[in-house]
């Protein structure tokens, strides 16, 4: 059996066994003009006539960004993204959820541009009650600038799952009962941005943005918001119901197929895990590092 065929079979199994949802809870229209508003440099935000695709531009004048018109507490968010092609060193494309509070909660995808020919780095991070320093980094196993790929967050009472094309790449478990902060009370908006991070993003800031290669463009399409709209009552979103499918027990951990993919990512593509950085934490790793992920 060829490697390609095996991969296709595993993808099929993954999709079959991954999160099967009730469409009754899908609240997005798929139209950026209805679901999102430009929040940073509207002149650098471009949307197709049908509202289905949106692009962000970064140049020497400004970066750009947009945010959802609603806030949500738990659910699954999918976004297809095509990243900045070519020499993208110093650029950062971010797709994330944020509560925008002093002790904010945040769930981050950050795509760190690189010198042409080098692989993109995907950094994920979780803020809980204002605390961060929870970064993980992987190399993607494909060129994310050639085609659109789906980046997803499943966020429920049990866990946060980061996914790339339905493959789980990171888990952050709810261990609040053991004193570990977990985003569970504050609603979050969905955001995306493209900005200049050349002070840190590429080789620790050694590779700066080459503005002659700009403007830099990242594109977004086919978003799906299957989440609980915030109405001021967290109990409504925390309840287990047919609409709040994400809180059901079967979504409290990964399936056996998902666990195999998760281990594959960590074995072959992970390049940084805060839970292995004893120097950074002076041999006092965060508490969740010694607790089960699933």
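Yeah, the Cβs are placed from backbone N, Cα and C, and that goes for glycine too.
Whatever TrEMBL says is automated annotation, not expert-curated.
What TrEMBL records for this protein:
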{"type": "ACT_SITE", "residues": "106", "note": "active site, nucleophile"}
{"type": "ACT_SITE", "residues": "110", "note": "active site, proton donor"}
{"type": "DOMAIN", "residues": "21-220", "note": "domain 'GH16'"}
{"type": "CARBOHYD", "residues": "114", "note": "N-linked glycosylation site"}
{"type": "SIGNAL", "residues": "1-24", "note": "signal peptide"}
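Feature map: annotations from TrEMBL on the structure.
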residue	record	Cβ within 10 Å
106	active site, nucleophile	21
110	active site, proton donor	19
114	N-linked glycosylation site	21
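For the domain 'GH16' (21-220), the model gives a mean pLDDT of 94. Reported as a whole number, the C-alpha separation between residue 106 (active site, nucleophile) and residue 114 (N-linked glycosylation site) equals 25 Å.
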